[in-house]
Amino acid sequence: MAGNTLGQLFRVTTFGESHGLALGCIIDGVPPGIALSEADLQHDLDRRRPGTSRYTTQRREPDQVKILSGVFEGVTTGTSIGLLIENTDQRSQDYSAIKDVFRPGHADYTYEQKYGLRDYRGGGRSSARETAMRVAAGAIAKKYLAQKFGIVIRACLTQMGDIPLEIKDWAQVEQNPFFSPDVDKLEALDELMRALKKEGDSIGAKVTVVADNVPPGLGEPVFDRLDADIAHALMSINAVKGVEIGEGFGVVALKGSENRDEITKEGFQSNHAGGILGGISSGQQIVANIALKPTSSITVPGRTVNRFGEEVEMITRGRHDPCVGIRAVPIAEAMMAIVLMDHLLRHRAQNADVTTTLPRW
């Protein structure tokens, strides 16, 4: 099974399944001399882990990460960093009734078509549980980018169902269980989640992720454009069905005179491009949005077939998120950080001696 590695110089390889013994990852390309402890990774893992509020899955996983290699006396050595998180709250019996049934909207059917078999326990490798290791790896990238270059990466929920959320106050994002920057909408979000729980249904969401203080020049035309790699990384997150960079699909309704980001002596006058021009960072804030589908793990009955071609009624049991967009916030930050870290190392490897007299804003 290929496709488990992301990045070229900063390379993250993950392994493990939802109901396996553990999840793990190997991270190559981490510069030596970075102060690093398990506590540095745990903060973001705690933001992602299940069972932290009544709005997310009640699977209780502590997600305690262990650093197995690549750190000596509290600093990175420059060698491969190995990380491990044990699974401790699996309930595989919850899935025994569906081992021969293809859950609609899930990867059951496609995994079995591809491999001829599948791990039906919680989706196996296709489960979003795998993203815990991405968050751990992303925490390393976030720390390096912040300490060495002042790059700050943040994400928040900006829509749930038909409830739009304005980015009013980033300080409020970590103060509520929805990662919402709009505290005026918290009551509406709570009411929606209560209604979904009563109905046994789920809802989609939009998450916005931004990166500030990114230097100009990151990105490798033409096939490794920065926006292409960011979109690739974000699209790989479970349940993501769409990615926008900057204005995204909104550019369809704009004229060229409206969409172009004019430049004056004071700098760019707008940021419809989302901080990336020609696949290369401009020095502006990088902005991306992701659309996440409503999970298909719901108790509303639906039709499907089993492995024998028989039509059956499907009701998904187990512990699931009514809105996967909530816990996608730290995952989106991690994927943005991994891509920026990789491109920063690649840029420095080739262009470390490049200097220009162009202004930077």
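Positions of Cβ are set from backbone N, Cα and C atoms, glycine also.
Pulled from Swiss-Prot, these are the features on record:
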| type | residues | note |
| --- | --- | --- |
| BINDING | Arg48, Arg54 | NADP(+) binding site |
| BINDING | Arg125, Ser126, Ser127, Asn238, Ala239, Gly278, Lys293, Pro294, Thr295, Ser296, Ser297, Arg319 | FMN binding site |
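Feature annotations (Swiss-Prot) mapped to structure.
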residue : record               : Cβ neighbours (10 Å)
Arg48   : NADP(+) binding site : 24
Arg54   : NADP(+) binding site : 12
Arg125  : FMN binding site     : 19
Ser127  : FMN binding site     : 20
Ala239  : FMN binding site     : 20
Lys293  : FMN binding site     : 17
Thr295  : FMN binding site     : 23
Ser297  : FMN binding site     : 20
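Recorded residues Ser127 (FMN binding site) and Arg54 (NADP(+) binding site) have their alpha carbons 20 Å apart, per Cα-Cα distance. Under the three-state DSSP scheme, Arg48 (NADP(+) binding site) falls in the helix class.
Arg48 (NADP(+) binding site) and Lys293 (FMN binding site) are 18 Å apart (CA-CA, integer value). Here the CA atom of Ser297 (FMN binding site) lies 19 Å from the CA atom of Arg48 (NADP(+) binding site). Across the structure, Arg54 (NADP(+) binding site) and Ser297 (FMN binding site) place their CA atoms 17 angstrom apart.
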